[in-house]
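Asks: Pasting in a structure now, in structure tokens, and then I'll have a few things to ask.
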Amino acid sequence: MLTNINPTETEAWKKLQEHFYATKSFAMKDYFSTDANRANRFSIQWKDFYVDYSKNRISPKTMELLLELANEVHLKENIEKYFDGEIINETEGRAVLHTALRAKETSEVFVNGQNVIPEIYKVKQKIKEFSESVISGTKTGHTGKAFTDIVNIGIGGSDLGPVMVTEALQYYKNHLNVHFVSNVDGDHVQEIIKNLNPETTLFVIVSKSFTTQETLTNALTIRKWFLTHASEKAIEQHFVAVSTNLEKINEFGIASKNVFPMRDWVGGRFSLWSAVGLSISLSVGYDNFEKLNAGAHAMDTHFRTTSFDQNIPVVLALLSVWYNNFYGAESEAIIPYTQYLHQFAAYLQQGIMESNGKSVDRGGNRVNYQTGTLIWGEPGTNSQHAFFQLIHQGTKLIPADFIGYVESLHGNNEHHDKLMANFFAQTEALLHGKTEAEVVAELSAKGMGASQMEKLLPFKIFEGNKPTNTILVDKLTPESLGALIALYEHKIFVQGVIWNIFSYDQWGVELGKQLATKILTDIQSAEIAEHDASTTNLLKHFKKSKK
Ligand code: F6P
């Protein structure tokens, strides 16, 4: 069991509150001008990662108190419980062991007295052999043709991880076209299948529970479409499944040799390292899938063994708590300066918001402080031309993570230098802003008259003092991507420990699912059951207008 400590009752929290009032009007640029060592003091070099967190509203005292908070909530002890397979997802009675999926084959991790590593490696071997046979063309479709297309059918964690990683590792991709069907919107599935050749397409149904409405509906639609082109017998060669629910897979008619099992101690939003990553392995090859896992394992080791002041996930989690709970910041932006990571913020939205969007603490009481942050973002430089205005001059405080790479993959240095110039320029601009004197000097140099200048001045001033973290990595490789994802996974864990919430359940998504089942009956039958007046009216309007 994780500890149960209300963070606001710790000594560190009280000190942080006082410290916040005493320092909240300080400007970051003043911290820089009075501390020549600030950039070095507040940066961490780990393998090919260089993390600069000096552009934050912190002093050494702030970090000291935040680290004190981590110690007071027994973070170290809780990390060990997480890695050791304790039942830390208490409301579902499960361990949380995505870290075991990337552990070395020689390691041992016990769940209910059983070492889970041999089974993990058995499934890995199956993923490897299957991926290699599909990629090489040894495994074929029912007419003997090699596969050309893969369709991953899943939603939430059974979609977002694989889709984000296959996009991110596009550079490392082989000849197979990988598609993703997730939404129960029939137009989504139709748009995907309309261009597929049933003879050369492999379908991967991914659902941890194998009861998810969207996935089963899409899988059945695809199966029906497939059977208009092939016989029932051909299903065996074209459909495989990833799940914990072997009974339901069987009912669906998937041959047991085509099942890639996973365990309930893998959370959906942390499952890409398991058989859920089959589409990743098919897309970039098993070796790259394993490198991704190895990168995550390296970050696991860093997180588990490094002192908190040099520990990247811990430091980033503490900074996020500082803004969320003391500055009242409601959201965080994730801005990768690579188009390959264009799905990264969407992926983290599930990871972070489904995990830490909780308002009841580990003792079952309503929390009296803020928890999970809103996550959003898009790649730079596109986002600069979309929402950066609000980050620079809006009324909200939005801490942002800037993720960039020293090398570009295709080696187009002219582009890459421009991209990275923007990357560095934005965090500098967010730090410094533009003072009245600077605006006056700039406008005077342009020959602007005094009265016009006076009019324009307020609009041209940037306050600056906007916090950012810079995560600069040598190169986007499967290993560095694995480490980056694991970094955020552990940040989620640290924040969950501090906020004293259960990060690994998701009861909040159940109510909507239950109501949708009831409403489907209302839509498909003559009567509408009792609802609030607004929902009843909307349903009446929908049914009346529907052709
Ligand atoms: O959205 C709720 C959720 O349970 C997620 O946590 C999960 O990733 C998704 O649904 C899909 O679930 P499954 O893999 O069981 O189909």
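Cβ coordinates come from backbone N, Cα and C, glycine included.
Just so you know, TrEMBL annotations are computer predictions that nobody has curated.
Just lifted these from TrEMBL, have a look:
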ACT_SITE  Glu354  active site, proton donor
ACT_SITE  His385  active site
ACT_SITE  Lys513  active site
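Describe the structural surroundings of these features, if you would.
Replies: Long-range neighbours of Glu354 (active site, proton donor) (same chain, six or more residues apart, CB within less than 8 Å of its CB): Gly156, Arg269, Gln506, Val509. Secondary structure at Glu354 (active site, proton donor), taken from DSSP and collapsed to helix, strand or coil, is helix.
His385 (active site) is surrounded by 9 other CB atoms, counting those within 10 A of its CB over all protein chains shown. The secondary structure of His385 (active site), as reduced to three states from DSSP, is helical.
According to DSSP, Lys513 (active site) sits within a helical segment.
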Asks: Applying a 10 Å Cβ distance cut-off over all chains shown, what neighbour count does Lys513 (active site) have?
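Replies: A 10 Å sphere around the Cβ of Lys513 (active site) contains 12 other Cβ atoms.
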Asks: Rounded to the nearest Å, what's the C-alpha distance separating Lys513 (active site) and His385 (active site)? Just drop the number here, would you?
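Replies: His385 (active site) has its Cα 37 Å from the Cα of Lys513 (active site).
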